[in-house]
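Worksheet: one structure, shown below.
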2 protein chains.
Amino acid sequence: MRPDYGLYLVTDRALCLGRDLVDVVAAAVRGGVTMVQLREKDCDTREFVALARRLKQMLEPHRVPLLINDRVDVALACGADGVHVGQSDMHPKDVRTLMGGKGLLGLSVETMEHVREAETLGVDYLGVGPVYATSTKPDHSEPWGLDGLRRVREACSLPLVGIGSVNAENVASVMRQGMDGVAVVSALCSADSPEQAARHMFASVESVRRNG
Amino acid sequence: MRPDYGLYLVTDRALCLGRDLVDVVAAAVRGGVTMVQLREKDCDTREFVALARRLKQMLEPHRVPLLINDRVDVALACGADGVHVGQSDMHPKDVRTLMGGKGLLGLSVETMEHVREAETLGVDYLGVGPVYATSTKPDHSEPWGLDGLRRVREACSLPLVGIGSVNAENVASVMRQGMDGVAVVSALCSADSPEQAARHMFASVESVRRNG
């Protein structure tokens, strides 16, 4: 089955307003999220694996793929559908080897040099970010902007997902730069109703995918 | 080949006094270190893998096994000889599965309950610590003391390695509690001469192993 990158939720427990992460993700999935990435940067491995397994169990019946940020060990332990890595995480070629050739592999790209290199690494899609300046990742690099997304689209044949301060207001503009999807953190994790927020954003994604 | 736990170096880059970690470990191995565990808690995965590969390449000709703390992904990527986990790290049974049944698996035990449970987990050895109160791990649990090591020895048939403020002065006392080896951090990483410090400590380990 061809993966649907349309509305891609990247988790951040700190942004869930004290709610259980699995509940927040479940609500967002009811609203239309098509893919989930579990990102945990300061979590003990045992807790990370337990959380990943709970998410995987919840997502499985919905056929929504679960990707794990950075940690191939956690991905393998929970039976995730893939791994997403950044430029300081495990090298994509090493990830492929450890995953036994199976699963989705995503890579974050912050420069055109990253984009050009990515085409040679056998990754499945690129996370292009940050689209806008973002507070979720305070140490982020120079934002791409809408023009930057367009340049990446023209330079690269891989599926592209825009990430970085994508929200209900700008999702259509981001999609119109030729993106295959948008990755969203706080606009879903911190929404009063993650389900309604996801439904609203997914409608925008679908509208651009159908009508441009 | 039966692993030799005699003088087991656990790395801490922050304690290497600005020296390159691989150089420090190489010197300690010349002095008699029999096993090395790479422990990195705040390191990007790509850097962790690169460091692990450098260490593995240096240790291989000496036939000194390299274990990786916590990170099975890093262990698999660098071809390490095993993994060491604590009680908050990946569960030993999950580690075994991911390692494909190969390699050494060590587990840290802080209580007698951990020791009793460990016998059912298929681990190869236990790290019993802290022996003494230690500044290397400020959040450590109640020290075992020499009496505690003795109680673990009597309760458990697995190879045991005492860890936590083991140094040249107390190494013989620790070994005499029936330990198969001692794990050392700062007494080697921060030594003026890691080679001489290792030689001195290894002589004490050997003396107790031969003469009691």
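Here the Cβ of each residue, glycine as well, is placed from N, Cα and C on the backbone.
TrEMBL annotations:
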- A:Gln37, A:Leu38, A:Arg39, A:Glu40, A:Lys41, A:Asn69, A:Ser108, A:Lys137: 4-amino-2-methyl-5-(diphosphooxymethyl)pyrimidine binding site (BINDING)
- A:Asp70, A:Asp89: Mg(2+) binding site (BINDING)
- A:7-188: domain 'Thiamine phosphate synthase/TenI' (DOMAIN)
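Feature map: annotations from TrEMBL on the structure.
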residue  : record                                                         : Cβ contacts under 8 Å, 6 or more apart
A:Gln37  : 4-amino-2-methyl-5-(diphosphooxymethyl)pyrimidine binding site : A:Tyr8, A:Leu9, A:Val10, A:Thr11, A:Leu66, A:Leu67, A:Ile68, A:Asn69, A:His84, A:Gly106, A:Ala183
A:Leu38  : 4-amino-2-methyl-5-(diphosphooxymethyl)pyrimidine binding site : A:Thr11, A:Leu51, A:Ala52, A:Leu55, A:Leu66, A:Leu67, A:Ile68, A:Asn69, A:Val74, A:Ala80
A:Arg39  : 4-amino-2-methyl-5-(diphosphooxymethyl)pyrimidine binding site : A:Val10, A:Thr11, A:Asp12, A:Asn69, A:Asp70, A:His84
A:Glu40  : 4-amino-2-methyl-5-(diphosphooxymethyl)pyrimidine binding site : A:Thr11, A:Arg13, A:Phe48, A:Leu51, A:Asn69, A:Arg71
A:Lys41  : 4-amino-2-methyl-5-(diphosphooxymethyl)pyrimidine binding site : A:Asn69
A:Asp89  : Mg(2+) binding site                                            : A:Asn69, A:Asp70
A:Ser108 : 4-amino-2-methyl-5-(diphosphooxymethyl)pyrimidine binding site : A:His84, A:Val85, A:Gly86, A:Gln87, A:His114, A:Leu126, A:Gly127, A:Gly129, A:Ile163
Within reach of chain B, those binding-site residues of A:Gln37, A:Leu38, A:Arg39, A:Glu40, A:Lys41, A:Asp70, CB-CB under 8 Å: A:Asp70
Assigned element (helix, strand, coil) containing A:Asp70 (Mg(2+) binding site), judged by DSSP: coil
Local Cβ density at A:Asn69 (4-amino-2-methyl-5-(diphosphooxymethyl)pyrimidine binding site) - other Cβ atoms counted within 10 Å: 21
Per DSSP, three-state class assigned to A:Leu38 (4-amino-2-methyl-5-(diphosphooxymethyl)pyrimidine binding site): strand
